[in-house]
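**Q** The following block contains the structure, expressed as structure tokens.
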Amino acid sequence: MAKRDYYEVLGVSKGASSDDIKKGYRRKAKELHPDRNKDDPNAEAQFKEANEAYEVLKDADKKAAYDRYGHAAFEGGMGGGGGGRPGGGFGGGQDFSSAFSDVFDDLFGNFAGGGQRGGGNRASRGSDLRYNLQINLEDAFSGLQKTINVPTSIGCKTCNGSGAEGGSEPSSCPTCSGMGKVRAQQGFFTVERTCPTCSGLGQIIKNPCKSCQGAGRVEKDRALSVNIPAGVETGTRIRLAGEGEAGMRGGPSGDLYIFIEVAEHELFQRDGTNLFCRVPVSMAKAALGGSIEVPTIDGGRGRVQIPSGSQSGRQMRLRGKGMPALRGGSSGDMFIELAVETPVNLTSRQKELLAEFDELSENNNPESSSFFSSVKSFWDSMKG
């Protein structure tokens, strides 16, 4: 019988995110669990089918292979030498399944039945979580303490994370005999995979806890205080150990990773620890020179001296007025870039004065003189 589409099995679309795939699997696992469908002879097969689908779609590499090739990506017999006896190829009867299982997982997919080896019946660590946090440049400069709300799974207090109703205990998984692993022979290799029935836990729950539906964990938003040090930039990662998802069956929690994004600022641009600020100045100020006042990222004011005859794009430096270094050391600098502004909406008198000034400044614009001299030479050469 043809295998069903894995996305269809989990009730999600092909464009579903990893979170949507996880939610779809949890929903199907609760709905199809054999212990909750004892009168349905198809429940166990459908439950295994959902586990098989999730094993592929939760893994980015396997998902990519499935999206491209479908079920054919995980069929056996994909090339290699021929004729070897089962378990042979390396001599001495060694079991290389653990060494090669990660490599061949991507080739051969899920296997049910077969032998098993140790590894089940143990607690498992919870997943790591990612939280994207946007802050402004001022906060990145000074650092701050911020409270965030993180949706995550925590250990169920009703069953203390066991997943079993009070007075009952999980029982050994019949598929893997409590080992959490199943093996299958593929030509030369013995390939080991996580048991699809118990998801590697080695146990199944006949009387699931009503609070967590047998998951051993419940969804809850948590308020966490995060210390953001001065000098962070976009891409900085902050690790909060043990603040990820709760582990299964009393296992340790995963970690929470805070990824910082520093928002763009209306006045300052950042390059490492240096800051850049573009400051407009009048033609008169640029020509005559003088002192101007500029803002600094700490909310203060700085003064820079503009040399006479300054052009647009000229930069001046305020040392130590940039961003602090994240891991210590001296702060960066702040660079002031001049933007000489041409006046608009001139009065008649202003136009007269500018026209008079232009007549008197024939020898005061060396760049213009050089440019038009080059233009004249170019035209003369074209005539020849």
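Backbone N, Cα and C define each Cβ position, glycine as well.
Swiss-Prot lists these features:
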BINDING   CYS156, CYS159, CYS209, CYS212  Zn(2+) 1 binding site
DOMAIN    5-70  domain 'J'
REGION    16-47  region 'Disordered'
REPEAT    156-163  repeat 'CXXCXGXG motif'
REPEAT    173-180  repeat 'CXXCXGXG motif'
REPEAT    195-202  repeat 'CXXCXGXG motif'
REPEAT    209-216  repeat 'CXXCXGXG motif'
**Q** Does anything in the same chain, at least 6 positions from CYS159 (Zn(2+) 1 binding site), have a Cβ under 8 Å from its Cβ, and if so what?
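**A** Within the chain, CYS159 (Zn(2+) 1 binding site) has Cβ neighbours under 8 Å at GLU165, GLY166, CYS209, SER211, CYS212, GLY216.
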**Q** Same chain only, sequence gap of 6 or more: which residues have a CB within under 8 Å of the CB of CYS156 (Zn(2+) 1 binding site)?
**A** GLY163, CYS209, SER211, CYS212, ALA215, GLY216, ARG217, VAL218
**Q** Per DSSP, what is the residue tally for the domain 'J' (5-70) in helix, strand and coil?
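**A** The domain 'J' (5-70) comes out at 49 helix, 0 strand, 17 coil.
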**Q** For the Zn(2+) 1 site given as CYS156, CYS159, CYS209, CYS212, which other residues of the same chain have their Cβ within 8 Å of the site's Cβ centre?
**A** LYS157, THR158, ASN160, GLY161, SER162, GLY163, ALA164, PRO208, LYS210, SER211, GLN213, GLY214, ALA215, GLY216, ARG217, VAL218
**Q** According to DSSP, how is the repeat 'CXXCXGXG motif' (195-202) divided among helix, strand and coil residues?
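**A** Across the repeat 'CXXCXGXG motif' (195-202), DSSP assigns the residues as follows: 0 helix, 0 strand, 8 coil.
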**Q** Would the repeat 'CXXCXGXG motif' (173-180) and the repeat 'CXXCXGXG motif' (195-202) count as touching if the test is at least 3 Cβ pairs under 8 Å, pairs 6 or more apart?
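**A** Per Cβ check, the repeat 'CXXCXGXG motif' (173-180) touches the repeat 'CXXCXGXG motif' (195-202).
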**Q** Give the nonlocal contacts of the repeat 'CXXCXGXG motif' (209-216) in its own chain as ranges (CB under 8 Å, at least six residues past its ends).
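**A** For the repeat 'CXXCXGXG motif' (209-216), the nonlocal Cβ contacts are 26, 30, 33, 35, 153, 155-159, 161-166, 246, 248-249.
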**Q** Short question: which residues 6 or more past the ends of the repeat 'CXXCXGXG motif' (156-163) have a Cβ under 8 Å from it?
**A** 169-170, 205, 208-212, 214-218, 246-250
**Q** Could you tell me how many residues in the repeat 'CXXCXGXG motif' (173-180) are helical, how many are strand and how many are coil under DSSP?
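**A** For the repeat 'CXXCXGXG motif' (173-180), the helix, strand and coil counts are 0 helix, 0 strand, 8 coil.
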